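Here's the structure we're looking at; comments come further down.
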Amino acid sequence: MGGARSGRGEDMAAAAALGPGPLRVGFVGAGRMAEAIAQGFIRAGKVEAQHIVASAPSDRNLCHFQALGCQTTHSNQEVLQSCLLVFFATKPYVLPAVLAEVASVVTTEHILVSVAAGVSLSTLEELLPPTTRVLRVSPNLPCLVQEGSVVMARGRHAGSSEAKLLQTLLEACGQCEEVPEAHMDIHTGLSGSGVAFVCTFSEALAEGAIKMGMPSGLAHRIVAQTLLGTAKMLQQKEQHPAQLRTDVCTPGGTTIYGLHALEQGGLRAATMSAVEAATCRARELSKK
């Protein structure tokens with residue numbers, strides 16, 4: 001279901017942006033999202049585990065990187081001294097202090113990528129040395145199973161080669177697209193928060209079946225497969241969802257009766273409002 005995967009030749013060509021030798025990737029912050037991204041790189045053969053270095057204040061999260069075969073440290077500066085491509089995957093409120101700590105070892109050769117939600121490219125560039133190549137990435141939780149939806153935006157000094165390198169790597173985690181920075185908060189509301197919205201709908205679907213007498217485990221398995229199959233059809237056929245819905249809906253059949261009930265319950269408006277509310281909250285947090 002993920003985006004089209006790039007070939008090995010494209011990987012090597014994109015990595016040329018960081019000079020000769022094996023691609024070394026660093027992670028400052030070693031939480032679930034950092035682990036998911038690193039795991040995707042390793043599984044897809046984009047980066048060798050031994051060439052990934054992660055830092056965190058304690059061993060609590062670093063043990064997951066160690067299990068993958070990565071190098072670990074408690075020094076953020078050591079990560080930048082070892083790697084030219086570095087992902088900052090800290091909590092947003094921690095990031096300014098972290099950037100201040102590593103600024104002295106940032107060079108013009110570095111490509112720095114922020115995974116921190118709500119921290120703008122202009123803020124990142126203000127906190128780092130002039131002309132630093134900076135990009136922002138917004139992933140979502142399914143990156144953990146290499147089926148994520150990821151968008152990226154580049155700063156003033158990051159060019160097409162840096163964007164291509166990052167996109168080629170992140171395709172190991174699912175679908176990755178470059179967007180204007182203004183779309184980052186919308187992606188958070190749509191896809192970041194959207195995972196929870198889909199899970200809520202999934203739960204409600206299963207509970208409907210349970211109410212009608214189906215065992216819980218069976219109901220949840222069928223719902224998960226229904227969501228997976230529907231998503232694959234939407235991706236592979238490239239149809240508008242309304243067309244697929246029409247294909248399922250026969251005159252006077254079961255589906256139109258069910259859809260009528262969903263419309264009476266306000267599902268469409270409630271879903272649109274949920275994306276709007278989550279996006280507005282993301283924008284509020286970006287201003288803080």
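Note: Cβ is positioned from N, Cα and C throughout, glycine not excepted.
Taken from TrEMBL, the feature NADPH binding site covers N76. According to TrEMBL, the NADP(+) binding site annotation covers A89, T90, K91, P92. If you look up TrEMBL, you'll see 24-118 marked as domain 'Pyrroline-5-carboxylate reductase catalytic N-terminal'. Sequence annotations record features per position, and here TrEMBL assigns domain 'Pyrroline-5-carboxylate reductase dimerisation' to 181-285.
Candidate binding-site residues: N76, T90. Fewest other C-beta atoms within 10 angstroms, N76. Each of the binding-site residues A89, K91, P92 was scored by how many other Cβ atoms lie within 10 Å of its Cβ, and the smallest score goes to K91. Using the Cβ center of A89, T90, K91, P92 for NADP(+), the list of other same-chain residues with Cβ within 8 Å runs, in sequence order, G29, G31, F88, Y93, V94, L95, V98, V115, A116.
Each residue in the domain 'Pyrroline-5-carboxylate reductase catalytic N-terminal' (24-118) gets a DSSP state, and the totals come to 43 helix, 19 strand, 33 coil. K91 (NADP(+) binding site) sits 14 Å from N76 (NADPH binding site), taking the CA atoms of both as reference points. Helix, strand and coil counts from DSSP across the domain 'Pyrroline-5-carboxylate reductase dimerisation' (181-285) read 90 helix, 0 strand, 15 coil.
It is 16 Å from the Cα atom of P92 (NADP(+) binding site) to that of N76 (NADPH binding site).
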